[in-house]
Amino acid sequence: MEFLDFRWDIIWNYRESFIRGIWVTLILTICGFIGGFILGVLLGLGKNSKKKWLYFPCKLYIDLFRGTPLLVQIFIIHLALIPTLFGHSLGFMVSGITALVLNCAAYTAEIIRAGIQSIDKGQMEAARSLGLNQFQAMRKVILPQAFRRMIPPLGNEFITLLKDSSLVTVIAANDILYAAKVVSGAYFRFWEPYLAAAALYLTLTFIVSKVVSLIERRFSIEYNPRKNKNEGRVGA
Amino acid sequence: MIKIENLHKSFGELHVLNGIDYEIQEKEVVCVIGPSGSGKSTFLRCINLLEEISDGAIYIDGTKVNDRNTDINKIRTEVGMVFQQFNLFPHMTVIDNITMAPMLIRKMNKHEAEELALELLSKVGLREKAYNYPQQLSGGQQQRVAIARALAMKPKVMLFDEPTSALDPEMVNEVLDVMKQLAFEGMTMVVVTHEMGFAREVADRVIFMDGGVIVEEGKPEDIFGNPKHERTKAFLSKVL
């Protein structure tokens, strides 16, 4: 049985590929998420807008990118869009990050929209009745509250993106999965490299989920009545 | 001070306000009473344009509120509003709730704004709660903070939308007392309320609304003591 004689030394021999793979995966994911978040905020606000000319393009974008597979988007961007725009490929990094940003933005937009809509209508009314304009009310009253509620789903989105970034390996990105592929190609062994890749992804997602719950706790502290212990709570 | 001309408001097919004409003078306290669904809250919300006006006009200090060229944010800084559900900002302390708008819009510095906030909190009897969060306060206390928050913009008019309806009975009076004090100091107030005792005691004039129109209006002693209209009589016989 192959099971019994795992040859972990072949992973060790290719440790540099795996370490580079971790970096590439992290860079793809972090850049994809940051870009996706910024674009997603704009799209989410747009989809919340009452103005039709703002709402419909945003809705169309979100439907398009959520309704098609990321793999297909990666191929279109890498093989069709970028060569058409620039005349030649700009490498897997540019194509990969572009695809992840555009894809992540669509999902983030929905998280942003839902977060904003979950805030009681009275908050906006109270802010506007004090004379704040729409933008000020969003910035000072709605978004700070909505953001807290967005942290858990945004964390999920980050983890999903981390895993989905492995798709970029199809355009020859040398990420974690690519390292596994190289090892399996060199030794014709499949258990060790792909289990190693799985373990690396698992470790990364585990760390991310810990960080997310840490952030979650950090932000709920500001609300925590116990912070003002000496002031005492008066009956509700 | 506030002039309302032929005010209409409909939500789709539903006509909530069917032509309201009214004028409110400076320093007047006007209480709006009526059965639920009579349009009294909508009427109030139209004054600072929280509801879009379907037809008619509202003038505050001679400025037409529902005009394209009117800066509604400017108008709203002059019109304070207190809501049934308080609507304090839960992510800010009590004092931040009060200082935010003056700092952002009146461009007060932090020191000035906090001094003003503490002064207003003393006025509503909650100075010691300045650094608590709203959810640490009782309903009555939250509503008093909401009043202080509205007053921090130094409005010319205060609108109250059923300010005591969401409160436990024992907390109603602490809020009404603050409102009485405000009325006594000469604030112009429009109060939608179910508190008939308050209306009778504090109001200069009482409006009875039903079916989206003003059925009857007058001095409280006339409305409560000698209502002329059948619908007013029927309503008052149920609530008094």
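In case you wondered, yes, glycine gets a Cβ from its N, Cα and C as well.
All TrEMBL annotations are machine predictions without curation.
These come from TrEMBL:
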type     : residues  : note
TRANSMEM : A:20-43   : transmembrane segment
DOMAIN   : A:22-212  : domain 'ABC transmembrane type-1'
TRANSMEM : A:64-86   : transmembrane segment
TRANSMEM : A:92-112  : transmembrane segment
TRANSMEM : A:167-188 : transmembrane segment
TRANSMEM : A:194-215 : transmembrane segment
Using Cβ atoms and a strict cutoff of less than 8 Å, what residues sit near the transmembrane segment (A:167-188) while being 6 or more residues removed from its termini?
7, 10-11, 14, 17-18, 20-22, 24-25, 28, 70-71, 74-75, 78-79, 92-93, 95-96, 99-100, 194, 196-197, 200-201
May I ask whether the transmembrane segment (A:194-215) has at least three C-beta pairs under 8 Å with the transmembrane segment (A:92-112), counting pairs 6 or more apart in sequence?
no
For the transmembrane segment (A:20-43), sequence-distant contacts whose Cβ falls under 8 Å of one of its Cβ atoms, 6 or more beyond its ends:
58, 61-62, 93, 96-97, 100-109, 111-112, 154, 157-158, 161-162, 165-166, 168, 173-180, 197, 200-201, 204
